[in-house]
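Notes for the one structure printed next.
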Amino acid sequence: MEAIILQILNGLDKGSAYALIALGLTLIFGTLGVVNFAHGALFMIGAFCAVIMQRLLGLSFEMVDETKTDFLGNPLKVQVPYVESWFGPELGGAIINWSVPLGIALAIPVMIVLGFVMERGLIKHFYKRPHADQILVTFGLAIVLQEIIKYFFGANPIQTGAPDMLSGSFDFGTMLGFDPNVIIYPLWRLVYFLFALFIIAGVFAFLQFTTFGMVVRAGMADRETVGLLGIDIDRRFTIMFGLAAAVAGLAGVMYTPILAPNYHMGMDFLVLSFVVVVVGGMGSLPGAVAAGFLLGILQSFASMNEIKSIIPGIDQVIIYLVAIVILLTRPRGLMGRKGVMED
Amino acid sequence: MFGLSAKDTRFLLIVVFLTLATPILLQPFPETSSLAQFNAGYPDLMQKFAIFGIFAIGFNILFGLTGYLSFGHAAFLGVGSYTVVWMYKLLGYNVLPGLVLAVIISALFALLIGFISLRRSGIYFSILTLAFAQMSYNLAYSVLTPITNGETGLQVYSNDPQILMGENSPTSPHLFGLVMRDSVQVDVGGWLFTFNIGYYFCAIIAILAFYISLRIFRSPFGMMLRAIKTNQTRMNYTGLNSRPYTLAAFVISGMYAGLAGGLLASMDPLAGAERMQWTASGEVVLMTILGGAGTLMGPVLGAGFIKYCENIFSKINDGVLHGWFAFMPDGLEDFVIALIHPFVGKGWHLTLGILFMLVVIFLPGGLVEGGQRLARLFRRKRKAGGPSRKDPEHRPNPEPHVAE
Amino acid sequence: MGILEVKGVNKRFGGLQALGDVNLSVKENTVHAIIGPNGAGKSTLLNCLVGKLIPDTGSVMFDGQSVLGRKPHEINQMGISRVFQTPEIFGDLTVLENVLIPCFAKRDGAFRMHAFETVAHEKEIVDRAMHMLDDVNMADKKDMHASSLSRGDKRRLEMAMCLVQEPKLLLLDEPTAGMARADTNNTIDLLKHIKATRDITMAIIEHDMHVVFSLADRITVLAQGTPLVEDVPEKIKGHPKVQEAYLGQAHG
């Protein structure tokens, strides 16, 4: 029992990331009818927003510290971050320490603008082109984006830690009435999971309760009819693209303490997220979310030693295996609708 | 000749000539000139032209003709390489048994993967092939380590059986004594030409591969594949079962990929899992699109173009740039170099990505279509208004998949 | 005994009875029209004949064999060709290639690995395709891209693709739908020409009464998924039930 709960918990953070990326992919696919291979790159850029924030907050100037001397007896020169000099070492240090969550403030505008530019500048011209062309041009864009990031930030992963307050582990087991030290769970993963739930709920509420969302949902169901009603659906779809980009970016920012960002993390996640979308059912938002968590948890179960000893290597292939089985038995995925991409 | 029309025979002969003369043609600059770094006539690179040409020709039979976009063809490339290295380990360094087996095994793999993946079409097919390739890649790194040697990669060790190795057998890949890495160097004036056995071995196989693809393009079978790309509904209501046609195309292209993988290991007796990664699958898609999917020469041109640029661009560093722009005033020189710097050397992939996007956006028919457009423009200027009916690239299908 | 025998066919979509107990017999070498108001189940019936849909109950026999459960390509190989409402042709291929493909399908069956033959060397088949193109007055367009043809020519090409297979039964799904008067008349002339020059059975689903009455030997009127009457055109024209089904709908 404890082992099962532990594995479910372990699967939640990866599952959350899959769900968030798949959600954005599905939004873009459902509204614009475009298969976006650059979505992983958006996730990656989100993650680098956290890195940029960390660097921005860490910007320092050199100051001579009179109270200390170096080994030659001269007054010691120290680097003092501007933030600390402005807000004092206490508050300033805390701000620097919280750079990952603060990265959100940077990521939202950056991602929305990037999304708008991408849609207006590139994707718009591919609505009427075959899906293969959409895949190829967004694939090219993904390469360009990740190479730009590589140029500025190098090829090595960059450590970005969670705030000290949230970086430890806590004993989740005792809260549920199990023995102590059985279910130890890193605090940040819980934060990430709650954050993902919050975003997902936000997106759904937005689509459910606003007029804008209603039009978009109608557009997802039947684009032509909505177009006939004289509603300017294109402008709304641009905004949807920005929103999907922001969701991917936020998923990236908050993921950095779990996985140190590198320039190709987007591609790694993209491949899996596509599998998630297909398993959930192309064009189904709840399907994407459910499949994201489901596959994350399945993956975590498959990496248990007990299971690996029965079927070696299963942890490496479980997601793909599930996708293959689902595609062959339920071609529309778990919650897919009829007629999506079946021509 | 060879069952081809006169026009195709001429075309094939030109290809044969160009392939055999590559070591000379790609060495246009004397060794001492500052442009010598643009020469491409060295064995390693020429082998890659031929091998990736084969890979792309095969991929084109699937993607160019039927329109099924596979994102997992690198799996067959990897299978081919592993097979050949295993034959080295078990039998000896003669490449022939390994290559034959590589083609057979990759055909079996393709049959299995194709049989399952082709039950779906469109993006679902792409994802299924991607899933299979990623599975192979992950397994090669983990559980299959006894077969693949994991991260280290598979190579020949001195305690391997190599039962066919004689006393005097070469200790590197060879074909009945013709050692692949042997070369003859000819110095003519300032020019240095390298005639490498490995390259000629790959080149002859590549010519054969091209010939087979030419025959397929001109055959009823090839016509059926193009029909599948255009309209599957009509295909079925014309009494044709599209599934075995697509499966046959998938297996053929898988065999080409296996052969290419085998040749990679024939030139350099190593095989690693990274050859199966999906970026490698993406690369062959790129080559085919860049050159022109559905055209005969396009994929070969695309493969050559990408491999050439990869080699040349990634060699250009700041030192080289300073050499080029030395004539400029200092400030301007630094500025120009700073502008170019991100796109060369390690930044070559950035150039590749941009190039790729530009081709997909503006030139969906690839380099071949670009060449044709230029030729048409040129011809129209020469004899104004005259009909331009010639087909310089012998494309079977004058305007394939121009999606507007 | 007709070449096509439909007996007691029912088809339901959820709560909707699309076809209710349809019986139909198409005699050899006749033109049989199936007419009916919108939603009468004409297309559903057609889809049951070509293997796209499988009826819930009943039998569909063609030439003494059941077509039920067979795939479209198998049914075509039995001798049924189909013309679609909007012409289905191979747009990226040339006109000649469009006609060559059915010739190969007729000769070689549903699949053959003829990868090492050359299309241009198949003299007999190329001749037959050219002959067919002559017959529909399209020989001069043989090297054109099929997608660049006019709509009327696309229809003509599709007919040629079906006829070159010498089908025992040609199914036509509203062959003049959405056509201008002149194009419609051309199509009627083409169909008359086909009927006059070869032994062929045709089943036409059609909206346009003008087309139906200029071609059909027998007419079945379908309403709400059930055959109302079946008779020769002269009798159908003044039939009270037919007027009720059509006019009742038109005015109601």
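Here the Cβ of each residue, glycine as well, is placed from N, Cα and C on the backbone.
TrEMBL assigns the feature transmembrane segment to residues A:16-35, out of the candidate ranges A:16-35, A:116-135. Tertiary neighbourhood of the transmembrane segment (A:237-258): same-chain residues 13, 16-17, 20-21, 23-25, 27-28, 31-32, 39, 42-51, 100-101, 103-104, 107-108, 110-116, 118-120, 123-124, 160-162, 167, 188-189, 191-192, 195-196, 199, 203, 206, 212, 216, 219, 266, selected by CB-CB distance under 8 Å and a gap of 6+ residues from either end. Same-chain neighbours of the transmembrane segment (A:190-216): 12-13, 16-17, 19-20, 23, 27, 31, 162, 166, 170, 172, 226, 231, 233, 236-237, 239-240, 243, 247, 250-251, 254-255, 258, 285, 289, counting only residues six or more beyond its ends whose CB sits under 8 Å from a CB of the stretch. Three or more CB pairs closer than 8 A are found between the transmembrane segment (A:16-35) and the transmembrane segment (A:270-298), so contact between the two stretches is assigned (pairs 6 or more residues apart). Within its own chain, the transmembrane segment (A:310-329) has Cβ neighbours under 8 Å at 272, 275-276, 278-279, 295, 298-299, 302-303, counting only residues six or more beyond its boundaries.
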